[in-house]
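For reference, the structure is listed below as structure tokens.
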Amino acid sequence: MAHDITEENDEFVDWKGREVQEAKHKGIKSAAIVCVVEVLENLVFLSNATNFVSYFRSSMHYTSAEAANMVTNFMATSFLLTVVGGFISDSFFTRFKTFLLSGSIELLGLIMLTIQANNARLRPTTGNPPSQSQAALLYVGLYAMATGIGGIKSSLPAHGADQLAHSNKRLISSFFNWFFFSLCTGGLLSCTIMVWIEENKGWQWSFSISAAVLSLAIILFSSGYPIYRYRLPSGSPITRIFKVFFYAARNRKAQQPAAMNENELDSGSSYAKFRFLNKALTKDSISLNQVQETKTFLGLLPIFASTIMMNCCLAQLQTFSVHQGVVMNRKITRSFELPPPSLSIFPLVFMLLSIPVYEHLVLKLVKKKNSSTSPQKTSIFPPLKRIGLGLALASASMAVAAIVEVKRRNYSVNDHVKLSIFWLGFQFLLLGVSDMCTLGGMLEFFYSEAPESMRSMCTALAWCSTSMGYFISSILVSITNSVSRHAGNEWLGGSNLDENRLDLFYTVLCVLNFLNFLNYMYWAKRY
């Protein structure tokens, strides 16, 4: 164990580029700073992302369809850019520097939106669309935020996990659980306090508070620089992967060098199906580590692809589910109505309660089950199983959503009564737990299984899956409308939900997610 720790520390340096000292650098304290920063960062991100639709409609005077597309594109771009942020973090800068650069870019975009929200001359007059200059300011601020978010979400979790001993699987798993807890805490604050501020004090206050909170997050993260340990970038992994493919294809007819040990090349079953890449080793400039790095990355892609469909369901929580909430009975008391975005409170509270309980139960099980084995190398609920459970719950949530929509529609059309908004809590709860299992499992899985030189980029695959889910959701809506229009009744075309067939669309998503779950089971068993 001591040898493992020494070997691991050799991969890292302190802030002055010197050798890491075990007593001074890394550890739970450094990782805890990252978790607190994630609370603040996600508070800023979600408080804006979930309510941009209202701002674009009420203040910038875009149509409902335009506002919805703008938010979907913003969210998808933010998550897609995590791959770019991860690439930069692994190739050119440390994760610490990537976070600071990305945080500064996001803050710049937020300041631009704050200035626009506080200056009436930079916003369109009532009843008029924004001018070209007003729209330009909005889009530059918006996508500066998206660029910063992409860099932060790819570098922050990887930097936090870097502070812990990689030989201690239990500790790494625990970190990602608490990181997700922090993410949910930020989400809970955004859909309660920030939603109240936006609806009662205005967007001027909301943007200003967001800028202040993000500034605090950057300062807090920077304060930990003396106790962090840093992994130096190792050059472009994409270039190395392309070189392996190029020389494997170029030398596909060449014989493998006799000196190569087949067991050394393919020590794990996950590498066996990529043996054609071994031909790249006939080129002297290609090392065994580069080939294994490429094989490991390729092995992660089927798992990544199998999680995309689940994120199509998450996209519905910010689009159609919010539309449902608007036309339902939102009254809690005579004077208070629940804002539809605040429905996220239910799954968030459940997740915040479940993570400490899960950690406590796992710790007890580890001690009980492994009295003769080191608990550090034990994982009671491996990430692949957690992801599988999340995908199964996604399909179930869409089935429940379809049933609730049928009930809401019948009440509205036949009885002319508004169904209580709390009926939507079932689909929000199931999807919330699904997201907890899937995203938390993906972050841990991609970080733990990634090559050392690609951990930021591979961790970003978890967020990239979310991005692809948003894009595919938009495509599915278009395809659904096109097919149903030719059949004579467009399912999602009108602004009146009572005339649409949202229940049938949810049913399609349920079936697609179930088929996707079977596909995931196939790849997970082969991994």
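The first residue you see is number 1, and the count goes up from there.
Cβ atoms here come from the backbone N, Cα and C positions, even for glycine.
Residues or ranges marked as transmembrane segment by TrEMBL: 28-47, 67-87, 99-116, 136-154, 175-197, 203-228, 297-317, 345-366, 387-404, 424-448, 460-484, 504-523.
Of the ranges 99-116, 203-228, 297-317, 424-448, 460-484, the one with the most Cβ pairs under 8 Å to the transmembrane segment (136-154) is 99-116. A Cβ distance under 8 Å defines the sequence-distant neighbours of the transmembrane segment (460-484), meaning residues of its chain 6+ beyond its ends; these are 69, 72, 75-80, 82-83, 85-86, 150, 153-154, 300, 304, 307-316, 319, 439, 442-443, 446, 490-493, 501, 504-505, 508-509.
Long-range contacts of the transmembrane segment (99-116) within its own chain (CB-CB distance under 8 A, at least 6 residues past either end) are made by residues 41, 44, 48, 85, 93, 122-123, 134, 137-138, 140-152, 155-156, 159, 204, 207-208, 210-211, 214-215, 217-218, 221-222. Of the candidate ranges 28-47, 175-197, 345-366, 424-448, 424-448 contributes the most Cβ pairs within a distance under 8 Å of the transmembrane segment (387-404). Segment contact holds for the transmembrane segment (345-366) and the transmembrane segment (175-197), given three or more CB pairs below 8 angstroms at sequence separation of 6 or more. If you count C-beta pairs under 8 angstroms between the transmembrane segment (28-47) and each of 67-87, 203-228, 504-523, the highest count goes to 203-228. Counting residues 6+ beyond its ends, the transmembrane segment (504-523) has Cβ neighbours under 8 Å at 302-303, 306-307, 309-310, 312-313, 316, 320, 387-388, 391-392, 394-396, 398-399, 401-402, 405, 476-477, 480, 484, 491-492 in the same chain.
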